[in-house]
Amino acid sequence: MADVKKIAVIAGDGIGPEVIAEAEKVLKKTEEIFGYRFETEHGLFGGIAIDETGTPLPQNTLELCKKADAVLLGAVGGPKWDNNPKELRPETGLLGIRKELGLFSNIRPAVIFDCLKDASTLKPEVLEGTDLIVVRELTGGIYFGEKFRREGAHGEEAVDTCVYNVQEIERIARQAFEIARTRSKRLASVDKANVLETSRLWRETVIRISADYPDVELEHILVDNCAMQLLRRPSSFDVIVTENMFGDILSDEAAMLTGSIGMLSSASLGEGAFGLYEPVHGSAPDIAGQGISNPIATVLSVALMFRLTFGYHDAAEAIERAVKEVLDAGHRTGDIAVDKSKAIGTTAMGDLIVNAIRK
Ligand SMILES: NC(=O)c1ccc[n+]([C@@H]2O[C@H](COP(=O)([O-])OP(=O)(O)OC[C@H]3O[C@@H](n4cnc5c(N)ncnc54)[C@H](O)[C@@H]3O)[C@@H](O)[C@H]2O)c1
Ligand SMILES: CC(C)[C@H](C(=O)O)[C@@H](O)C(=O)O
Ligand SMILES: [Mg+2]
């Protein structure tokens, strides 16, 4: 019998619990079909944790994640907590969990399902063949630099500092080169080296590391140009490696190539097999509680967990095949439906996918 894998489930806020419920059904179905065994335990996290415990990342949730083999996360945040001080913001909990768990590498694949080409705002011929991965540095940069307010000559000033050290850049660069090696051996390193000192160190370091990967073709591209080229020639990109904030922005942009941010899964990894898996999207307060959110990003995050943390490649492929089959059959949630009147809800989409999972 397969050993039992412990999964910490932290649903969070807004549509988080809705999409996580569908992902949990997928876990259960995989147990039935493939004989894998999962032990799930839920933890409070985000806004709901602030309300119930006074902190976005309670110590027992962190402990739960540390004891688990993997973490499945929904989303956090919402208008209710938007004016809270920094320590009492759901997003601070999210940054805290990434840092505490050492998850410096965030992998965000943007793969286009052929049948969804008409769901994107871009022309189908521009999207043809697009299959890229954004490798985002996740525990450094301006997100984690010193932040403060001060009195300046013209009144109050706010300061965010962006810091990167060589070790942080080296480890994410190596991960990206390794991933590129398993794909078409092309890596685009995105920076703003014409302006930022951190980007100049980034570029120098990536070039130095590239000597160990002579089989991978390395391109440097400035972030503003990259944002433009992603819309102009998305299929020319394979693996993109970039710093924390650029990766945040470019991955939301890449999501729109696929038709919706409701399609984009992600894996956050450190040095070992442990990982945190979450959709790229947020808590979507504008549609929360209506049962209309797209659960596919979270379901595909489970497939990433199977592949990258557990090595359950058969189950990962079965989930991806099931998603494709359901989409090919024409089923759509509102975000990817061309004819919105025919859109189905979150649980209906989850049920269809679960029923389509087979060996
Ligand atoms: N990882 C996370 O937990 C995470 C990520 C991004 C944003 N957030 C937080 O979420 C809150 C809302 O942020 P936002 O509105 O900028 O981004 P968002 O991703 O929540 O929503 C952006 C838009 O995409 C739509 N959308 C997102 N996910 C969808 C899905 N699965 N199905 C259908 N439509 C979907 C939303 O309805 C909205 O119109 C903020 O508090 C933000 O800080 C959290
Ligand atoms: C909610 C926010 C802190 C987070 C980020 O910026 O990393 C989100 O946008 C993401 O992409 O996971
Ligand atoms: Mg983001």
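Cβ coordinates come from backbone N, Cα and C, glycine included.
Feature annotation from TrEMBL assigns NAD(+) binding site to GLY78, PRO79, LYS80, TRP81, ASP82, ASN83, ASN84, PRO85, LYS86, GLU87, LEU88, ARG89, PRO90, GLU91. Annotation source TrEMBL lists substrate binding site at ARG98, ARG108, ARG136, ASP224. The feature Mg(2+) binding site is assigned by TrEMBL to ASP224, ASP248, ASP252. Marked as domain 'Isopropylmalate dehydrogenase-like' by TrEMBL: 6-353. If you look up TrEMBL, you'll see TYR143, LYS192 marked as site 'Important for catalysis'.
Taking the features listed in TrEMBL, we show where each one sits on the structure.
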residue : record                 : DSSP (3 states)
GLY78   : NAD(+) binding site    : coil
LEU88   : NAD(+) binding site    : helix
ARG98   : substrate binding site : helix
ARG108  : substrate binding site : strand
ARG136  : substrate binding site : strand
ASP248  : Mg(2+) binding site    : helix
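Proximity to ARG136 (substrate binding site), judged by a C-alpha distance within 10 Å, picks out ASP248 from the binding-site residues GLY78, ASP248, ASP252.
Cα proximity to ASP224 (substrate binding site) (within 10 Å) is found for the following recorded positions from GLY78, LYS80, LYS86, LYS192: LYS192. For the binding site of NAD(+), formed by GLY78, PRO79, LYS80, TRP81, ASP82, ASN83, ASN84, PRO85, LYS86, GLU87, LEU88, ARG89, PRO90, GLU91 according to the record, the largest Cα to Cα distance is 16 Å, rounded to a whole number. The shortest Cα-Cα distance from ARG108 (substrate binding site) to any of the binding-site residues (ASN84, LEU88, ASP248) is found for ASP248. Under 8 Å, Cβ to Cβ, and six or more positions away along its own chain, LYS80 (NAD(+) binding site) finds GLY47. For ASP248 (Mg(2+) binding site), the nearest of the recorded positions by C-alpha distance turns out to be TYR143; the candidates were LEU88, ARG98, TYR143, LYS192.
Highlighted here would be the binding-site residues (LYS80, PRO90, ARG98) whose C-beta falls below 6 Å from ligand 2, but none qualifies.
Taking ASP82, PRO90, ARG136, TYR143, ASP248 as the candidate recorded positions, the subset whose CB lies under 6 angstroms from any atom of ligand 3 consists of ASP248. Highest Cβ count within 10 Å among the binding-site residues LYS86, ARG98, ARG108, ARG136: ARG136. If you take the C-beta of ASN84 (NAD(+) binding site) and look for same-chain residues 6 or more apart in sequence within under 8 angstroms, you find ILE50.
ARG98 (substrate binding site) is 11 Å away from TYR143 (site 'Important for catalysis') when you measure Cα to Cα.
Note on TYR143 (site 'Important for catalysis'): other Cβ atoms within 10 Å of its Cβ, all shown chains, come to 19. Comparing ASP82 (NAD(+) binding site) with ASP252 (Mg(2+) binding site), their Cα atoms are 21 Å apart once rounded. The local packing around ASP248 (Mg(2+) binding site), expressed as other Cβ atoms within 10 Å of its Cβ over all shown chains, amounts to 18.
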